[in-house]
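Read the structure below first, then the notes.
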Amino acid sequence: MSAAVDTRPAAPAPAARVPSPLARRSWKAPITFGVLGLAALVLFGLLPSGGKETTFAIGASGTWFHLTDFTIPSKAGAIVLSLICLALAGYAAWRVRDGHKPGRWVGAVFGVAWVLAFLTWAVAGKSVSIVSLLQSSLVLAVPLAFGAMGGLLGERAGVVNIAIEGQLLTGAFGAALVASVTHSVYAGLIAAPVAGLLIGSLLALFTVKYRVNQIIVGVVLNVLAVGLTSFLYASVLKPNEATLNSPPRLQAVSIPVLANIPVVGPVLFRQTILVYLLYVAVVVLTISLFRTRWGLRVRAVGEHPLAADTVGINVQATRWRNVLLGSMVAGLGGAFFTLGSVGKFAQEMTAGKGYIALAAMILGRWTPIGSLGAALLFGFANALQLVLSVLDVPVPNQLMLMLPYLVTIVAVAGLVGRVRGPAAAGEPYVKE
Amino acid sequence: MKLELRGITKSFGPLVANDHIDLVVEPGQIHALLGENGAGKSTLMNVLFGLYSADEGEILLDDEERTFEGPGDALAAGIGMVHQHFMLVPVFTVAENVMLGHEATKSAGLLDLEAARTRVRELAARFGFELDPDAVVEDLPVGVQQRVEIVKALARDAKVLILDEPTAVLTPQETDELIGIMRQLRDAGTSIVFITHKLREVRAVADVITVIRRGRVVGSASPDAAETELASMMVGRAVSLSLGKAPAQPGDTTFEVRNLTVLDAAGSVVLDDVSFDLARGEILTVAGVQGNGQTELAEALLGLTPPIAGSVRLEGRDLVGLSPREVLDAGVGFVPEDRSVDGLVGDFTVEENLVLDLVHTPAYSRGGALNLGAIRRNAEHRIDEFDIRTQGPAQAAGRLSGGNQQKVVLARELSRPLKLFVASQPTRGVDVGSIEFLHRRIVAERDNGTPVLIVSTELDEVVELADRIAVMYRGRIVGIVPADTPRDVLGLMMAGVPQSEAEQQAAEHPTAGL
């Protein structure tokens with residue numbers, strides 16, 4: 001080493017990834033906001049609605065103090081909210097013109113204002129309870145959030161878990177059967193992950209050990225789960241509905257003190273044990289993935305398996321463990337359908353929720369907290385559809401049934417943009 | 001620690017990659033393993049590191065026999081390896097990469113990142129370089145990434161350090177620094193195995209040289225052996241290392257690139273306002289460390305990526321906006337940088353690959369039907385002309401050796417009248433013997449009066465072929481300099497130093513001549 005070292009230019013700074021002024025600006029967000037805002041103004045503000053006033057109920061019994069309902073004039077309210085949407089579109093356009101990104105809060109505020117504008121119009125002349133809307137959003141988000149976490153556990157280690165749908169379905173079936181036989185919801189809650197594990201172990205066997213294409217195996221396992229549960233339902237459960245398919249249902253448990261907080265209490269802390277398990281799962285998984293040795297190794301395996309191998313991490317074992325764990329988490333989510341919701345098993349009752357869970361995982365950028373947030377978004381769309389179909393709003397119910405799926409597509413295609421998942425997800429690890 | 005390999009044999013199917021290899025590395029010694037691409041150097045080291053299991057033979061550390069089931073065992077025994085392709089997780093920070101696999105934890109099993117940061121700082125300070133433990137690896141230049149690899153190995157107290165082709169991605173100055181680190185480590189008692197095919201470096205740094213050819217040890221040499229002697233040991237016959245080409249006779253300037261700017265998918269500028277001219281009968285080589293816009297330049301010229309600004313004029317016609325098909329038809333011969341991905345269809349036969357971009361012409365097809373006779377005659381002619389070692393025109397191209405695959409690509413692109421010839425990495429992964437041949441063909445094309453543009457990250461090749469050299473750094477051309485520019489100057493320019501400043505610095509502080 002010569003003296004040249006001293007005079008050399010300092011090591012180049014990390015490659016600056018600043019978008020250049022020449023970079024094509026993305027006008028996608030402002031344009032979308034503008035069109036939607038205009039549509040809201042015309043449809044919800046200017047077109048006739050079912051009544052003059054809209055009532056939002058925010059109170060619930062048993063809280064410290066009772067919040068009274070508030071009522072707003074439908075037309076004026078919808079117009080004001082639509083104008084807020086348009087203002088946000090204008091702000092986004094201004095930001096983009098200056099070469100910035102609009103910022104994530106703009107999208108969030110826009111979404112809330114737009115949905116409120118829609119509600120103001122749709123519920124005109126009637127009353128809607130915001131508390132119960134949020135309550136059922138959370139409930140409906142449960143299988144999605146568990147499913148998404150089951151998916152991300154696999155993908156963080158490099159195995160794409162398309163079989164979430166199958167894990168939810170077998171989880172639902174196992175929970176119903178075992179809870180019916182034992183007359184215990186807790187036995188059902190234990191059976192659900194075990195049933196999910198059945199699908200998960202097949203997934204791990206074929207993708208990790210035999211290195212079959214992960215997408216194909218996942219889809220085939222979903223079909224297998226549908227076939228298997230439908231067959232067992234028709235041949236075993238249906239003839240014995242009373243003994244084998246009438247599980248006890250999960251009861252809401254109020255958490256002392258917390259449940260008495262207005263709005264927040266009834267929404268978050270008067271739920272079933274499954275919801276509380278979800279809270280625990282999100283916290284534990286977040287810490288484990290990002291703060292522990294286990295998580296660091298899992299993420300290394302999912303990003304660069306060969307690098308993980310060269311520092312002595314067993315790639316195959318890590319993948320096995322994670323797929324199995326993920327399938328148990330997803331299977332537990334399946335218990336929602338039978339123990340938490342319907343109260344009995346029905347054929348193909350998951351109805352594509354596993355795929356929406358996959359979308360929630362991507363929208364949540366492969367993190368437990370993000371997945372929960374995305375699941376809540378989809379759950380809200382679902383809850384909105386349920387509430388509005390009961391209220392007999394001036395929108396055809398068939399159209400409303402599309403809502404959760406529509407939101408999924410818009411969210412994944414529009415909001416996500418370019419996200420980067422674990423680099424090695426989907427690729428079998430082959431050691432020469 | 002003393003490392004000894006005895007009779008290591010490893011085959012992949014019928015191919016014997018290592019054939020009873022013996023090797024002894026003494027403590028505090030830099031032992032160079034010299035051989036061509038595919039000679040079996042990397043296989044041997046992967047066996048030592050536990051990534052492959054040997055069919056036969058034994059590994060001894062301090063005269064004690066050891067078996068490694070996986071890299072974990074090798075690491076535990078004190079063997080560290082810096083891989084040719086870095087084994088770093090791109091989205092992790094430096095500290096996370098260094099701690100991976102032997103993480104220190106605090107109470108409740110939480111990662112102790114602070115301990116890892118301290119370790120990184122300590123090691124970096126010991127070897128006199130800067131390394132930010134919290135920088136994300138993918139944002140670091142390759143030279144720095146390599147230091148991370150070295151720190152990673154040292155953090156586990158490696159007593160034997162294997163460096164697999166460590167200089168392939170470095171500028172000459174970075175190479176110089178690496179050699180400084182290697183010497184420091186050696187003096188501290190670390191045994192170093194240095195794998196390379198670059199003769200210059202071996203002579204500069206090695207204490208002992210072992211030459212490997214076709215999976216066997218063919219002999220050892222002392223570091224003061226002449227380069228030609230080492231080269232003939234590597235190749236197995238006498239080779240001439242210098243091309244000895246005649247001076248260029250440049251004609252009219254027929255190819256002009258002006259202000260060419262290209263963005264990548266994320267919107268970052270990867271090719272920044274690039275302009276140059278090229279005359280008939282002249283070779284312009286583009287030098288630079290890998291990933292500084294050379295790939296994008298070649299792709300933009302072919303029309304694979306549309307530029308957002310600038311023009312590319314060939315004999316007065318603007319090529320911007322034309323499809324690759326139209327660019328090729330305009331008389332451009334193009335050799336892509338990765339033959340196995342872009343240059344050849346491996347499962348197709350040699351004769352099919354030789355007409356891949358010509359098959360639509362009347363010479364080889366009529367009304368959608370192939371003229372098989374003409375295709376076969378063409379193949380026989382090219383195989384003969386380019387000395388392609390194949391079992392015959394009907395052999396699958398993917399089964400040829402790297403050098404012969406490259407000859408197929410070059411033969412195809414040079415088999416029609418050209419107005420411009422562009423080749424990226426024309427001899428990457430090609431044996432020394434074939435390099436000589438391919439270089440001569442490229443010079444012959446120049447002497448035919450074709451403007452030739454060569455993109456290469458091998459400085460030897462750049463200097464060898466060039467009539468003029470354009471140095472690229474971060475998507476820009478730092479300068480265009482004559483072929484006889486000193487390597488020190490080129491190296492500094494490859495790190496982004498402007499030409500005049502580079503000349504001054506190089507004069508004040510010459511490097512070890514690498």
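Using the three backbone atoms N, Cα and C, a Cβ is placed for every residue, glycine included.
Among the features that TrEMBL reports, transmembrane segment is placed at A:27-47 (among others).
What TrEMBL records for A:76-94 (among others) is transmembrane segment. A Cβ distance under 8 Å defines the sequence-distant neighbours of the transmembrane segment (A:76-94), meaning residues of its chain 6+ beyond its ends; these are 27, 29-30, 33-34, 36-38, 40-41, 44-46, 49, 54, 102, 106, 109-110, 113-114, 116-117, 120-121.
Residues or ranges marked as transmembrane segment by TrEMBL: A:106-124 (among others).
For A:130-152 (among others), the entry in TrEMBL reads transmembrane segment.
What TrEMBL records for A:159-179 (among others) is transmembrane segment. Packing against the transmembrane segment (A:159-179) from elsewhere in the chain are residues 143, 146-148, 150-151, 153, 185, 187-196, 198-200, 203-204, 207-208, 214-215, 217-219, 221-226, 228-229, 232-233, 237, 244-245, 247-248, 319, 322-323, 326-327, 330-339, 344-345, 348-350, 352-355, 357-358, 425-426: each is 6 or more residues past its ends and has a CB under 8 Å from a CB in it.
According to TrEMBL, the transmembrane segment annotation covers A:185-208 (among others). Listed as Cβ neighbours of the transmembrane segment (A:185-208) (distance under 8 Å, sequence separation of 6 or more from its ends, same chain) are residues 150, 154, 159, 161, 163, 166-168, 170-179, 214, 217-218, 221, 224-225, 247-250, 273-274, 277, 316, 319-320, 323-324, 326-335, 338-339, 428.
Under the heading transmembrane segment, TrEMBL lists A:215-237 (among others).
According to TrEMBL, the transmembrane segment annotation covers A:276-296 (among others).
Per TrEMBL, transmembrane segment is recorded for A:323-343 (among others).
Annotated transmembrane segment per TrEMBL: A:355-379 (among others), in sequence order. Taking Cβ pairs closer than 8 Å, the transmembrane segment (A:355-379) reaches residues 136-152, 155-156, 161-162, 164-165, 168, 278, 281-282, 285-286, 289, 330, 333, 404-405, 407-408, 411-412, 415-416, 419, 421-422 in its own chain, all 6 or more past its ends.
The transmembrane segment annotation in TrEMBL covers A:399-417 (among others).
Cβ atoms under 8 Å from those of the transmembrane segment (A:276-296) belong to residues 142, 145-146, 149, 153, 156, 189, 253, 255, 329, 332, 367-369, 372 of the same chain, restricted to positions at least 6 beyond its ends. Most Cβ pairs under 8 A with the transmembrane segment (A:106-124) among the ranges A:27-47, A:130-152, A:323-343 are made by A:27-47.
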